[in-house]
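Colleague: Quick one: structure below, then a few questions.
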Ligand SMILES: Nc1ncnc2c1ncn2[C@@H]1O[C@H](COP(=O)(O)OP(=O)(O)OP(=O)(O)O)[C@@H](O)[C@H]1O
(Lines of atoms letter the chains of each structure in order from A and count residues from 1; the text may use other names and numbers.)
(Lines give C-alpha, C1' and ligand atoms only; values in the text may rest on other atoms or scores of the structure.)
Protein backbone atom coordinates (compact mmCIF):
# COMPACT_ATOMS: atom_id res chain seq x y z
CA UNK A 1 0.00 0.00 0.00
CA UNK A 2 1.28 3.49 -0.86
CA UNK A 3 1.39 5.94 2.02
CA UNK A 4 2.05 9.63 2.25
CA UNK A 5 5.50 10.19 3.74
CA UNK A 6 6.02 12.14 6.94
CA UNK A 7 2.73 11.27 8.61
CA UNK A 8 2.41 9.49 11.87
CA UNK A 9 -0.56 7.45 10.80
CA UNK A 10 -0.27 5.81 7.43
CA UNK A 11 -3.14 6.99 5.24
CA UNK A 12 -3.68 5.29 1.93
CA UNK A 13 -2.91 7.77 -0.81
CA UNK A 14 -6.19 7.10 -2.60
CA UNK A 15 -8.22 7.76 0.54
CA UNK A 16 -9.69 10.99 -0.81
CA UNK A 17 -11.83 8.92 -3.11
CA UNK A 18 -13.32 6.94 -0.24
CA UNK A 19 -16.21 8.20 1.81
CA UNK A 20 -15.60 7.23 5.42
CA UNK A 21 -19.14 7.55 6.73
CA UNK A 22 -20.92 5.89 3.83
CA UNK A 23 -22.44 2.51 4.37
CA UNK A 24 -24.28 -0.21 2.51
CA UNK A 25 -24.69 -0.06 -1.24
CA UNK A 26 -23.40 3.49 -1.59
CA UNK A 27 -20.19 2.54 0.23
CA UNK A 28 -19.83 -0.57 -1.91
CA UNK A 29 -20.26 1.42 -5.13
CA UNK A 30 -17.77 3.98 -3.81
CA UNK A 31 -15.31 1.20 -2.97
CA UNK A 32 -15.74 -0.22 -6.48
CA UNK A 33 -14.88 3.23 -7.94
CA UNK A 34 -18.30 3.49 -9.52
CA UNK A 35 -19.34 6.44 -7.37
CA UNK A 36 -17.18 9.40 -6.40
CA UNK A 37 -17.42 11.12 -3.03
CA UNK A 38 -19.77 13.85 -4.35
CA UNK A 39 -22.19 11.27 -5.73
CA UNK A 40 -22.29 9.48 -2.38
CA UNK A 41 -22.66 12.66 -0.29
CA UNK A 42 -25.38 14.13 -2.50
CA UNK A 43 -27.35 10.89 -2.53
CA UNK A 44 -27.00 10.18 1.19
CA UNK A 45 -27.94 13.70 2.22
CA UNK A 46 -30.86 14.24 -0.16
CA UNK A 47 -32.27 10.78 0.56
CA UNK A 48 -32.15 11.50 4.29
CA UNK A 49 -33.80 14.89 3.83
CA UNK A 50 -36.53 13.44 1.64
CA UNK A 51 -37.13 10.52 4.00
CA UNK A 52 -36.09 7.88 1.45
CA UNK A 53 -34.82 4.72 3.14
CA UNK A 54 -34.52 2.26 0.23
CA UNK A 55 -30.75 1.93 -0.43
CA UNK A 56 -31.33 0.99 -4.06
CA UNK A 57 -33.31 4.18 -4.62
CA UNK A 58 -30.48 6.17 -3.02
CA UNK A 59 -28.10 4.32 -5.36
CA UNK A 60 -30.25 5.50 -8.30
CA UNK A 61 -29.89 9.10 -7.13
CA UNK A 62 -26.13 8.69 -6.71
CA UNK A 63 -25.87 7.22 -10.22
CA UNK A 64 -27.93 10.10 -11.66
CA UNK A 65 -25.44 12.50 -10.04
CA UNK A 66 -22.57 10.47 -11.42
CA UNK A 67 -24.14 10.53 -14.88
CA UNK A 68 -24.10 14.34 -14.96
CA UNK A 69 -20.57 14.41 -13.60
CA UNK A 70 -19.42 12.17 -16.45
CA UNK A 71 -21.14 14.18 -19.18
CA UNK A 72 -24.58 12.58 -19.50
CA UNK A 73 -27.82 14.47 -19.02
CA UNK A 74 -29.76 11.45 -17.79
CA UNK A 75 -29.27 7.87 -16.70
CA UNK A 76 -30.64 4.73 -18.29
CA UNK A 77 -30.89 2.20 -15.46
CA UNK A 78 -30.92 -0.61 -18.02
CA UNK A 79 -27.35 0.32 -18.97
CA UNK A 80 -25.73 0.42 -15.53
CA UNK A 81 -24.19 -3.01 -15.95
CA UNK A 82 -21.92 -1.43 -18.58
CA UNK A 83 -20.34 0.73 -15.85
CA UNK A 84 -19.15 -2.34 -13.99
CA UNK A 85 -20.15 -5.86 -14.90
CA UNK A 86 -19.12 -7.30 -11.52
CA UNK A 87 -21.11 -5.00 -9.22
CA UNK A 88 -24.20 -6.53 -7.52
CA UNK A 89 -26.77 -4.34 -9.30
CA UNK A 90 -30.47 -4.70 -8.43
CA UNK A 91 -31.59 -7.74 -10.37
CA UNK A 92 -34.98 -6.46 -11.55
CA UNK A 93 -34.35 -3.12 -13.27
CA UNK A 94 -38.04 -2.43 -13.99
CA UNK A 95 -38.85 -2.92 -10.32
CA UNK A 96 -35.92 -0.68 -9.37
CA UNK A 97 -37.26 2.07 -11.66
CA UNK A 98 -40.79 1.57 -10.29
CA UNK A 99 -39.55 1.96 -6.71
CA UNK A 100 -37.71 5.14 -7.67
CA UNK A 101 -40.85 6.49 -9.33
CA UNK A 102 -42.77 6.02 -6.05
CA UNK A 103 -39.99 7.61 -4.01
CA UNK A 104 -40.37 10.92 -2.16
CA UNK A 105 -37.30 11.96 -4.18
CA UNK A 106 -39.52 11.95 -7.26
CA UNK A 107 -42.51 13.45 -5.42
CA UNK A 108 -40.25 16.31 -4.34
CA UNK A 109 -38.82 16.61 -7.89
CA UNK A 110 -35.26 15.99 -6.82
CA UNK A 111 -35.36 13.18 -9.38
CA UNK A 112 -37.47 13.06 -12.51
CA UNK A 113 -38.31 9.98 -14.56
CA UNK A 114 -39.18 10.69 -18.15
CA UNK A 115 -39.32 8.26 -21.04
CA UNK A 116 -37.64 5.60 -18.93
CA UNK A 117 -34.65 7.82 -18.13
CA UNK A 118 -33.67 9.10 -14.71
CA UNK A 119 -32.80 12.82 -14.42
CA UNK A 120 -31.74 15.28 -11.80
CA UNK A 121 -34.48 17.89 -11.94
CA UNK A 122 -32.32 20.75 -13.18
CA UNK A 123 -31.08 18.83 -16.22
CA UNK A 124 -34.55 17.57 -17.04
CA UNK A 125 -35.82 21.15 -17.01
CA UNK A 126 -33.00 22.26 -19.29
CA UNK A 127 -33.55 19.41 -21.73
CA UNK A 128 -37.28 20.11 -21.90
CA UNK A 129 -36.60 23.82 -22.36
CA UNK A 130 -34.21 23.18 -25.27
CA UNK A 131 -36.62 20.74 -26.93
CA UNK A 132 -39.62 23.09 -26.43
CA UNK A 133 -37.82 26.19 -27.68
CA UNK A 134 -36.59 24.33 -30.77
CA UNK A 135 -40.05 22.90 -31.36
CA UNK A 136 -41.58 26.38 -31.14
CA UNK A 137 -39.01 27.71 -33.59
CA UNK A 138 -39.57 24.80 -35.93
CA UNK A 139 -43.32 25.31 -36.05
CA UNK A 140 -43.23 29.03 -36.65
CA UNK A 141 -43.87 30.12 -40.22
CA UNK A 142 -40.73 30.41 -42.30
CA UNK A 143 -39.31 33.94 -42.49
CA UNK A 144 -40.45 36.03 -45.43
CA UNK A 145 -37.75 36.32 -48.05
CA UNK A 146 -37.38 37.39 -51.66
CA UNK A 147 -36.72 34.04 -53.39
CA UNK A 148 -35.48 35.53 -56.68
CA UNK A 149 -32.97 37.62 -54.84
CA UNK A 150 -31.86 34.55 -52.91
CA UNK A 151 -31.38 32.54 -56.11
CA UNK A 152 -29.37 35.33 -57.68
CA UNK A 153 -27.26 35.69 -54.53
CA UNK A 154 -26.57 31.96 -54.36
CA UNK A 155 -25.51 31.96 -58.00
CA UNK A 156 -23.23 34.93 -57.37
CA UNK A 157 -21.59 33.67 -54.18
CA UNK A 158 -21.48 29.92 -54.92
CA UNK A 159 -20.91 29.74 -58.68
CA UNK A 160 -18.86 26.53 -58.72
CA UNK A 161 -20.52 23.15 -59.18
CA UNK A 162 -18.16 21.77 -56.50
CA UNK A 163 -19.68 24.11 -53.90
CA UNK A 164 -23.10 22.45 -53.99
CA UNK A 165 -23.09 21.54 -50.27
CA UNK A 166 -22.20 25.08 -49.25
CA UNK A 167 -24.84 26.52 -51.59
CA UNK A 168 -27.50 24.21 -50.16
CA UNK A 169 -26.51 25.09 -46.60
CA UNK A 170 -26.75 28.78 -47.43
CA UNK A 171 -30.14 28.33 -49.06
CA UNK A 172 -31.49 26.62 -45.95
CA UNK A 173 -29.93 29.21 -43.66
CA UNK A 174 -31.76 32.01 -45.45
CA UNK A 175 -35.02 30.14 -45.90
CA UNK A 176 -35.31 28.80 -42.32
CA UNK A 177 -35.04 30.61 -39.02
CA UNK A 178 -33.19 27.76 -37.28
CA UNK A 179 -30.52 25.74 -38.98
CA UNK A 180 -27.53 23.61 -38.17
CA UNK A 181 -24.51 23.52 -40.45
CA UNK A 182 -22.10 20.67 -39.79
CA UNK A 183 -18.76 19.93 -41.31
CA UNK A 184 -15.30 18.68 -40.50
CA UNK A 185 -12.23 20.88 -40.51
CA UNK A 186 -11.65 23.01 -43.59
CA UNK A 187 -15.03 22.26 -45.15
CA UNK A 188 -15.73 25.99 -45.42
CA UNK A 189 -18.01 26.52 -42.42
CA UNK A 190 -16.74 30.04 -41.77
CA UNK A 191 -16.67 30.87 -45.48
CA UNK A 192 -20.28 29.75 -45.74
CA UNK A 193 -21.28 31.78 -42.65
CA UNK A 194 -19.79 34.93 -44.19
CA UNK A 195 -21.74 34.32 -47.40
CA UNK A 196 -24.96 33.54 -45.50
CA UNK A 197 -24.68 36.78 -43.57
CA UNK A 198 -24.08 38.64 -46.86
CA UNK A 199 -27.21 37.02 -48.33
CA UNK A 200 -29.21 37.87 -45.21
CA UNK A 201 -27.96 41.47 -45.22
CA UNK A 202 -29.22 41.71 -48.79
CA UNK A 203 -32.62 40.30 -47.81
CA UNK A 204 -32.97 42.66 -44.85
CA UNK A 205 -31.96 45.66 -47.00
CA UNK A 206 -34.56 44.73 -49.62
CA UNK A 207 -37.29 44.32 -47.01
CA UNK A 208 -36.56 47.56 -45.16
CA UNK A 209 -33.66 49.78 -46.24
CA UNK A 210 -33.91 51.68 -42.94
CA UNK A 211 -33.37 48.63 -40.77
CA UNK A 212 -29.73 47.83 -40.12
CA UNK A 213 -29.79 44.18 -39.06
CA UNK A 214 -27.85 43.12 -36.00
CA UNK A 215 -25.72 40.01 -36.41
CA UNK A 216 -23.87 38.24 -33.59
CA UNK A 217 -21.10 35.68 -33.95
CA UNK A 218 -20.43 33.64 -30.83
CA UNK A 219 -18.40 30.63 -29.72
CA UNK A 220 -18.21 28.73 -26.43
CA UNK A 221 -14.65 29.74 -25.54
CA UNK A 222 -12.63 32.93 -25.86
CA UNK A 223 -10.06 31.15 -27.97
CA UNK A 224 -12.66 29.84 -30.39
CA UNK A 225 -14.31 33.29 -30.52
CA UNK A 226 -10.98 34.93 -31.39
CA UNK A 227 -10.35 32.38 -34.10
CA UNK A 228 -13.85 32.84 -35.46
CA UNK A 229 -13.37 36.62 -35.60
CA UNK A 230 -10.15 36.18 -37.53
CA UNK A 231 -11.50 33.57 -39.97
CA UNK A 232 -14.71 35.52 -40.50
CA UNK A 233 -12.74 38.68 -41.23
CA UNK A 234 -10.69 36.83 -43.80
CA UNK A 235 -13.73 35.21 -45.40
CA UNK A 236 -15.56 38.58 -45.56
CA UNK A 237 -12.60 40.16 -47.32
CA UNK A 238 -12.96 37.62 -50.11
CA UNK A 239 -16.63 38.51 -50.73
CA UNK A 240 -17.58 40.57 -53.78
CA UNK A 241 -17.34 44.26 -52.88
CA UNK A 242 -21.09 44.97 -52.91
CA UNK A 243 -21.74 42.05 -50.54
CA UNK A 244 -18.91 43.05 -48.26
CA UNK A 245 -20.21 46.60 -48.06
CA UNK A 246 -23.65 45.42 -47.03
CA UNK A 247 -22.34 43.38 -44.08
CA UNK A 248 -22.88 45.21 -40.79
CA UNK A 249 -19.88 45.31 -38.44
CA UNK A 250 -19.87 41.92 -36.73
CA UNK A 251 -17.35 41.08 -34.04
CA UNK A 252 -17.25 37.67 -32.38
CA UNK A 253 -17.63 37.05 -28.67
CA UNK A 254 -18.02 34.19 -26.26
CA UNK A 255 -21.55 32.97 -25.60
CA UNK A 256 -21.08 34.10 -21.99
CA UNK A 257 -20.29 37.62 -23.09
CA UNK A 258 -23.09 37.69 -25.66
CA UNK A 259 -25.61 36.73 -22.99
CA UNK A 260 -24.12 39.17 -20.47
CA UNK A 261 -22.69 36.81 -17.90
CA UNK A 262 -22.83 38.16 -14.36
CA UNK A 263 -19.86 36.53 -12.63
CA UNK A 264 -21.27 37.05 -9.15
CA UNK A 265 -24.04 34.55 -9.87
CA UNK A 266 -23.01 31.30 -11.53
CA UNK A 267 -25.74 30.70 -14.06
CA UNK A 268 -27.33 34.11 -14.36
CA UNK A 269 -27.17 36.20 -17.49
CA UNK A 270 -28.31 39.71 -18.29
CA UNK A 271 -30.20 38.44 -21.31
CA UNK A 272 -32.91 35.88 -20.65
CA UNK A 273 -36.58 35.41 -21.54
CA UNK A 274 -37.41 38.71 -19.83
CA UNK A 275 -34.67 40.68 -21.54
CA UNK A 276 -34.03 39.17 -24.93
CA UNK A 277 -31.00 39.60 -27.12
CA UNK A 278 -31.50 42.44 -29.61
CA UNK A 279 -29.98 40.55 -32.56
CA UNK A 280 -31.71 39.54 -35.78
CA UNK A 281 -29.25 36.73 -36.44
CA UNK A 282 -27.12 34.76 -33.98
CA UNK A 283 -24.43 32.40 -35.26
CA UNK A 284 -22.94 29.91 -32.80
CA UNK A 285 -19.69 28.34 -33.98
CA UNK A 286 -17.82 25.37 -32.46
CA UNK A 287 -21.18 24.20 -31.20
CA UNK A 288 -19.85 20.74 -30.25
CA UNK A 289 -18.43 22.43 -27.14
CA UNK A 290 -21.74 24.00 -26.09
CA UNK A 291 -23.25 22.38 -23.01
CA UNK A 292 -26.95 21.70 -22.51
CA UNK A 293 -27.10 24.46 -19.88
CA UNK A 294 -25.60 27.02 -22.24
CA UNK A 295 -27.88 26.00 -25.12
CA UNK A 296 -30.89 26.40 -22.82
CA UNK A 297 -29.76 29.88 -21.74
CA UNK A 298 -29.15 30.93 -25.35
CA UNK A 299 -32.47 29.64 -26.70
CA UNK A 300 -34.53 31.35 -24.02
CA UNK A 301 -32.71 34.64 -24.59
CA UNK A 302 -33.33 34.73 -28.36
CA UNK A 303 -36.28 36.71 -29.67
CA UNK A 304 -38.72 34.22 -31.23
CA UNK A 305 -38.25 35.77 -34.68
CA UNK A 306 -34.44 35.96 -34.44
CA UNK A 307 -32.55 33.59 -36.69
CA UNK A 308 -30.27 31.00 -35.17
CA UNK A 309 -27.45 29.37 -37.13
CA UNK A 310 -25.64 26.62 -35.24
CA UNK A 311 -22.31 25.56 -36.72
CA UNK A 312 -19.96 22.80 -35.67
CA UNK A 313 -18.52 19.34 -36.05
CA UNK A 314 -20.64 16.80 -34.13
CA UNK A 315 -17.90 14.17 -34.33
CA UNK A 316 -15.57 16.14 -32.07
CA UNK A 317 -15.39 15.81 -28.29
CA UNK A 318 -18.42 17.30 -26.58
CA UNK A 319 -18.59 19.97 -23.90
CA UNK A 320 -16.77 19.22 -20.65
CA UNK A 321 -20.13 19.79 -18.97
CA UNK A 322 -23.22 17.63 -19.40
CA UNK A 323 -24.69 16.97 -22.80
CA UNK A 324 -23.71 16.31 -26.38
CA UNK A 325 -26.14 18.90 -27.65
CA UNK A 326 -24.85 19.33 -31.18
CA UNK A 327 -24.84 15.60 -31.87
CA UNK A 328 -28.37 15.36 -30.39
CA UNK A 329 -29.61 18.28 -32.47
CA UNK A 330 -28.14 16.81 -35.65
CA UNK A 331 -29.71 13.41 -34.96
CA UNK A 332 -33.04 14.83 -33.75
CA UNK A 333 -33.61 17.68 -36.21
CA UNK A 334 -31.98 15.85 -39.12
CA UNK A 335 -34.44 12.99 -38.69
CA UNK A 336 -37.27 14.91 -40.35
CA UNK A 337 -36.78 14.26 -44.06
CA UNK A 338 -39.73 16.55 -44.96
CA UNK A 339 -38.14 19.61 -43.46
CA UNK A 340 -34.45 19.06 -42.88
CA UNK A 341 -32.86 21.70 -40.69
CA UNK A 342 -29.39 20.19 -40.87
CA UNK A 343 -26.99 20.92 -43.74
CA UNK A 344 -23.78 18.93 -44.05
CA UNK A 345 -20.61 20.22 -45.66
CA UNK A 346 -18.63 17.24 -46.88
CA UNK A 347 -15.93 18.63 -49.16
CA UNK A 348 -12.60 19.57 -47.60
CA UNK A 349 -10.92 22.65 -49.04
CA UNK A 350 -7.98 23.07 -46.72
CA UNK A 351 -5.75 20.03 -46.69
CA UNK A 352 -3.71 18.57 -49.49
CA UNK A 353 -5.73 15.46 -48.86
CA UNK A 354 -4.17 13.07 -46.39
CA UNK A 355 -5.23 14.78 -43.15
CA UNK A 356 -8.75 15.09 -44.54
CA UNK A 357 -8.82 11.42 -45.56
CA UNK A 358 -7.40 10.35 -42.21
CA UNK A 359 -9.97 12.49 -40.37
CA UNK A 360 -12.75 10.89 -42.39
CA UNK A 361 -11.55 7.37 -41.64
CA UNK A 362 -11.24 8.18 -37.93
CA UNK A 363 -14.70 9.73 -37.84
CA UNK A 364 -16.17 6.64 -39.48
CA UNK A 365 -14.27 4.31 -37.15
CA UNK A 366 -12.57 2.67 -40.16
CA UNK A 367 -9.47 1.48 -38.30
CA UNK A 368 -7.76 -0.43 -41.10
CA UNK A 369 -8.26 2.42 -43.55
CA UNK A 370 -6.88 4.92 -41.03
CA UNK A 371 -3.90 2.66 -40.36
CA UNK A 372 -3.33 2.26 -44.11
CA UNK A 373 -3.17 6.05 -44.52
CA UNK A 374 -0.93 6.42 -41.47
CA UNK A 375 1.45 3.63 -42.41
CA UNK A 376 1.78 4.84 -45.99
CA UNK A 377 3.21 7.97 -44.35
CA UNK A 378 4.02 11.02 -46.46
CA UNK A 379 4.41 14.72 -45.84
CA UNK A 380 1.10 15.15 -43.98
CA UNK A 381 0.51 12.12 -41.76
CA UNK A 382 2.62 9.56 -39.96
CA UNK A 383 2.56 7.00 -37.15
CA UNK A 384 5.55 6.57 -34.81
CA UNK A 385 5.99 4.22 -31.90
CA UNK A 386 8.26 6.61 -30.02
CA UNK A 387 7.88 10.30 -29.26
CA UNK A 388 11.66 10.71 -29.53
CA UNK A 389 11.08 10.76 -33.32
CA UNK A 390 9.60 14.21 -32.86
CA UNK A 391 12.23 15.52 -30.49
CA UNK A 392 13.99 17.63 -33.13
CA UNK A 393 10.71 19.18 -34.26
CA UNK A 394 9.59 19.97 -30.73
CA UNK A 395 12.92 21.45 -29.71
CA UNK A 396 12.97 23.57 -32.88
CA UNK A 397 9.48 24.86 -32.12
CA UNK A 398 10.53 25.73 -28.54
CA UNK A 399 13.72 27.39 -29.80
CA UNK A 400 11.79 29.46 -32.31
CA UNK A 401 9.52 30.66 -29.51
CA UNK A 402 12.50 31.41 -27.30
CA UNK A 403 14.28 33.32 -30.08
CA UNK A 404 11.38 35.68 -30.71
CA UNK A 405 10.73 36.03 -26.99
CA UNK A 406 14.35 36.99 -26.25
CA UNK A 407 14.17 39.65 -28.95
CA UNK A 408 10.99 40.99 -27.37
CA UNK A 409 9.04 40.35 -30.58
CA UNK A 410 5.67 39.49 -29.02
CA UNK A 411 3.78 39.22 -32.31
CA UNK A 412 6.30 36.76 -33.77
CA UNK A 413 6.41 34.78 -30.51
CA UNK A 414 2.61 34.51 -30.34
CA UNK A 415 2.50 33.50 -34.01
CA UNK A 416 5.15 30.84 -33.29
CA UNK A 417 2.79 29.27 -30.75
CA UNK A 418 0.81 28.05 -33.72
CA UNK A 419 3.72 26.22 -35.34
CA UNK A 420 3.57 23.01 -33.29
CA UNK A 421 1.45 21.47 -30.52
CA UNK A 422 1.95 18.23 -28.60
CA UNK A 423 -1.45 16.87 -27.62
CA UNK A 424 -2.00 14.31 -24.85
CA UNK A 425 -5.10 12.52 -23.62
CA UNK A 426 -3.97 12.61 -19.98
CA UNK A 427 -2.82 15.40 -17.70
CA UNK A 428 -0.64 13.22 -15.47
CA UNK A 429 1.46 10.08 -15.72
CA UNK A 430 3.88 8.89 -18.40
CA UNK A 431 1.54 9.94 -21.22
CA UNK A 432 0.51 13.16 -19.53
CA UNK A 433 0.91 16.86 -20.21
CA UNK A 434 2.92 17.56 -17.03
CA UNK A 435 5.52 14.91 -17.77
CA UNK A 436 6.01 15.99 -21.38
CA UNK A 437 6.14 19.68 -20.56
CA UNK A 438 9.03 18.90 -18.22
CA UNK A 439 10.68 16.63 -20.79
CA UNK A 440 10.57 19.27 -23.53
CA UNK A 441 11.97 21.85 -21.11
CA UNK A 442 14.74 19.39 -20.32
CA UNK A 443 15.54 18.88 -24.02
CA UNK A 444 15.49 22.62 -24.51
CA UNK A 445 17.87 23.12 -21.66
CA UNK A 446 20.25 20.50 -23.09
CA UNK A 447 20.16 22.41 -26.36
CA UNK A 448 20.64 25.92 -24.98
CA UNK A 449 22.80 25.21 -21.94
CA UNK A 450 20.36 27.11 -19.70
CA UNK A 451 20.56 24.66 -16.85
CA UNK A 452 17.65 25.67 -14.64
CA UNK A 453 14.30 27.01 -15.53
CA UNK A 454 12.72 29.60 -13.28
CA UNK A 455 8.95 29.21 -13.30
CA UNK A 456 8.68 32.19 -15.65
CA UNK A 457 11.35 31.89 -18.32
CA UNK A 458 11.69 33.75 -21.58
CA UNK A 459 9.93 31.77 -24.27
CA UNK A 460 7.67 29.85 -21.89
CA UNK A 461 4.42 29.06 -23.71
CA UNK A 462 1.41 29.69 -21.46
CA UNK A 463 -2.09 28.37 -21.12
CA UNK A 464 -4.52 30.26 -18.88
CA UNK A 465 -6.48 27.86 -16.67
CA UNK A 466 -9.20 30.09 -15.18
CA UNK A 467 -11.18 33.20 -16.05
CA UNK A 468 -9.72 36.39 -14.66
CA UNK A 469 -12.03 39.29 -15.53
CA UNK A 470 -9.74 41.81 -13.78
CA UNK A 471 -6.87 40.96 -16.15
CA UNK A 472 -9.25 40.28 -19.05
CA UNK A 473 -7.89 36.74 -19.36
CA UNK A 474 -10.00 33.71 -20.13
CA UNK A 475 -9.61 30.04 -19.41
CA UNK A 476 -7.96 28.62 -22.53
CA UNK A 477 -6.16 31.80 -23.64
CA UNK A 478 -2.65 31.14 -24.91
CA UNK A 479 0.43 33.31 -24.68
CA UNK A 480 4.17 33.40 -24.28
CA UNK A 481 6.61 35.04 -21.87
CA UNK A 482 8.75 37.64 -23.66
CA UNK A 483 11.54 39.92 -22.49
CA UNK A 484 10.66 43.60 -22.71
CA UNK A 485 13.11 46.27 -21.45
CA UNK A 486 14.62 43.84 -18.97
CA UNK A 487 11.21 42.80 -17.61
CA UNK A 488 9.20 39.67 -18.27
CA UNK A 489 5.81 40.24 -19.82
CA UNK A 490 3.30 37.68 -20.96
CA UNK A 491 1.96 38.32 -24.45
CA UNK A 492 -1.44 36.80 -25.21
CA UNK A 493 -3.12 36.09 -28.48
CA UNK A 494 -6.24 38.28 -28.58
CA UNK A 495 -7.34 37.21 -32.06
CA UNK A 496 -6.44 40.18 -34.21
CA UNK A 497 -4.15 41.83 -31.63
CA UNK A 498 -1.66 41.01 -28.85
CA UNK A 499 -2.38 41.75 -25.18
CA UNK A 500 0.51 42.12 -22.76
CA UNK A 501 0.40 41.76 -18.99
CA UNK A 502 3.17 41.61 -16.42
CA UNK A 503 4.27 37.99 -16.08
CA UNK A 504 4.63 38.44 -12.32
CA UNK A 505 0.89 39.09 -11.97
CA UNK A 506 -0.15 35.78 -13.53
CA UNK A 507 -1.44 33.10 -11.22
CA UNK A 508 -3.51 30.45 -13.00
CA UNK A 509 -1.28 29.53 -15.92
CA UNK A 510 0.40 26.32 -17.06
CA UNK A 511 3.25 25.62 -19.44
CA UNK A 512 1.98 24.71 -22.88
CA UNK A 513 4.65 22.88 -24.83
CA UNK A 514 2.10 20.10 -24.42
CA UNK A 515 -1.66 20.41 -23.84
CA UNK A 516 -4.61 18.09 -23.41
CA UNK A 517 -6.78 17.41 -26.45
CA UNK A 518 -9.74 18.83 -24.53
CA UNK A 519 -7.98 22.14 -23.94
CA UNK A 520 -6.90 22.35 -27.56
CA UNK A 521 -10.44 22.15 -28.88
CA UNK A 522 -11.33 25.27 -30.85
CA UNK A 523 -7.71 25.98 -31.78
CA UNK A 524 -5.29 24.69 -34.41
CA UNK A 525 -1.56 24.46 -35.07
CA UNK A 526 0.34 23.98 -38.31
CA UNK A 527 1.95 20.77 -37.06
CA UNK A 528 0.53 18.50 -34.38
CA UNK A 529 1.89 15.50 -32.50
CA UNK A 530 -0.74 13.29 -30.86
CA UNK A 531 0.54 11.11 -28.03
CA UNK A 532 -1.78 8.15 -27.52
CA UNK A 533 -1.96 6.49 -24.08
CA UNK A 534 -2.10 2.73 -23.50
CA UNK A 535 -4.87 0.89 -25.28
CA UNK A 536 -6.81 0.30 -22.06
CA UNK A 537 -7.02 3.99 -21.08
CA UNK A 538 -10.68 4.97 -20.85
CA UNK A 539 -9.79 8.40 -22.23
CA UNK A 540 -8.64 6.88 -25.50
CA UNK A 541 -11.75 7.29 -27.67
CA UNK A 542 -12.65 7.84 -31.28
CA UNK A 543 -13.83 11.38 -30.51
CA UNK A 544 -10.55 12.19 -28.78
CA UNK A 545 -8.38 10.97 -31.65
CA UNK A 546 -10.55 12.67 -34.28
CA UNK A 547 -10.48 15.96 -32.36
CA UNK A 548 -6.70 15.75 -31.90
CA UNK A 549 -5.93 14.99 -35.54
CA UNK A 550 -8.23 17.72 -36.82
CA UNK A 551 -6.28 20.35 -34.83
CA UNK A 552 -3.53 20.00 -37.45
CA UNK A 553 -3.45 22.41 -40.37
CA UNK A 554 -0.48 21.03 -42.31
CA UNK A 555 0.96 17.92 -40.71
CA UNK A 556 0.13 15.46 -37.97
CA UNK A 557 2.03 12.58 -36.39
CA UNK A 558 0.40 10.04 -34.13
CA UNK A 559 2.60 8.46 -31.49
CA UNK A 560 1.20 5.03 -30.81
CA UNK A 561 0.82 1.59 -32.28
CA UNK A 562 -1.74 0.00 -34.61
CA UNK A 563 -3.21 -1.52 -31.45
CA UNK A 564 -3.75 1.84 -29.75
CA UNK A 565 -5.25 3.35 -32.90
CA UNK A 566 -7.66 0.40 -33.13
CA UNK A 567 -8.49 0.72 -29.43
CA UNK A 568 -9.26 4.43 -29.86
CA UNK A 569 -11.59 3.83 -32.78
CA UNK A 570 -13.35 1.01 -30.98
CA UNK A 571 -14.25 3.13 -27.95
CA UNK A 572 -17.02 5.74 -28.28
CA UNK A 573 -18.04 8.30 -25.73
CA UNK A 574 -21.56 7.48 -24.61
CA UNK A 575 -23.59 10.37 -23.29
CA UNK A 576 -27.14 9.55 -22.32
CA UNK A 577 -29.81 12.16 -22.96
CA UNK A 578 -33.40 12.20 -24.08
CA UNK A 579 -32.99 15.22 -26.34
CA UNK A 580 -32.65 13.56 -29.73
CA UNK A 581 -35.68 11.41 -28.97
CA UNK A 582 -37.74 14.46 -27.98
CA UNK A 583 -36.72 16.30 -31.14
CA UNK A 584 -37.24 13.33 -33.44
CA UNK A 585 -40.76 12.69 -32.15
CA UNK A 586 -41.80 16.34 -32.01
N1 LIG B 1 -16.06 27.21 -51.82
C2 LIG B 1 -14.75 27.36 -51.62
N3 LIG B 1 -13.89 27.49 -52.66
C4 LIG B 1 -12.57 27.63 -52.45
N5 LIG B 1 -11.99 27.67 -51.25
C6 LIG B 1 -12.78 27.55 -50.18
C7 LIG B 1 -14.20 27.38 -50.29
N8 LIG B 1 -14.73 27.27 -49.05
C9 LIG B 1 -13.69 27.35 -48.20
N10 LIG B 1 -12.54 27.52 -48.87
C11 LIG B 1 -11.19 27.67 -48.28
O12 LIG B 1 -10.93 26.57 -47.43
C13 LIG B 1 -10.28 26.97 -46.25
C14 LIG B 1 -11.11 26.58 -45.05
O15 LIG B 1 -12.31 27.32 -45.04
P16 LIG B 1 -13.02 27.77 -43.70
O17 LIG B 1 -12.06 28.42 -42.79
O18 LIG B 1 -14.23 28.52 -44.09
O19 LIG B 1 -13.41 26.32 -43.17
P20 LIG B 1 -13.93 25.90 -41.72
O21 LIG B 1 -14.80 24.73 -41.93
O22 LIG B 1 -14.52 27.09 -41.04
O23 LIG B 1 -12.59 25.49 -41.05
P24 LIG B 1 -12.27 25.14 -39.52
O25 LIG B 1 -11.86 23.75 -39.55
O26 LIG B 1 -11.14 26.07 -39.25
O27 LIG B 1 -13.47 25.43 -38.70
C28 LIG B 1 -10.09 28.48 -46.36
O29 LIG B 1 -8.81 28.72 -46.84
C30 LIG B 1 -11.12 28.89 -47.39
O31 LIG B 1 -10.71 30.02 -48.12
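Here the Cβ of each residue, glycine as well, is placed from N, Cα and C on the backbone.
Annotations in TrEMBL come from automatic prediction, not curation.
For 183, 184, 185, 186, 187, 188, 189, 190, the entry in TrEMBL reads ATP binding site. Look at TrEMBL and you will find 175-345 tagged as domain 'AAA+ ATPase'.
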Colleague: Out of 184, 186, 187, 188, 189, which binding-site residues lie by ligand 1, with a C-beta less than 6 Å from some atom of it?
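Modeller: Among 184, 186, 187, 188, 189, near ligand 1: 186, 187, 188, 189.
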Colleague: Taking 8 Å from the centroid of the Cβ atoms of 183, 184, 185, 186, 187, 188, 189, 190 as the cut-off, which other residues in that chain fall inside it around the ATP site?
Modeller: 313, 345, 348, 349, 350
Colleague: When a 10 Å sphere is centred on the Cβ of residue 187 (ATP binding site), how many other Cβ atoms does it contain?
Modeller: 23
Colleague: Can you tell me whether DSSP puts residue 184 (ATP binding site) in helix, strand or coil?
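Modeller: Its secondary structure by DSSP: coil.
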Colleague: Under a criterion of Cβ-Cβ distance under 8 Å and sequence separation of at least 6, what residues of the same chain contact residue 188 (ATP binding site)?
Modeller: 163, 166, 345, 347, 349
Colleague: Taking the Cβ of residue 185 (ATP binding site) as centre, how many other Cβ atoms lie within 10 Å?
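Modeller: There are 22 of them.
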Colleague: Can you give the mean pLDDT for the domain 'AAA+ ATPase' (175-345), rounded to a whole number?
Modeller: 91
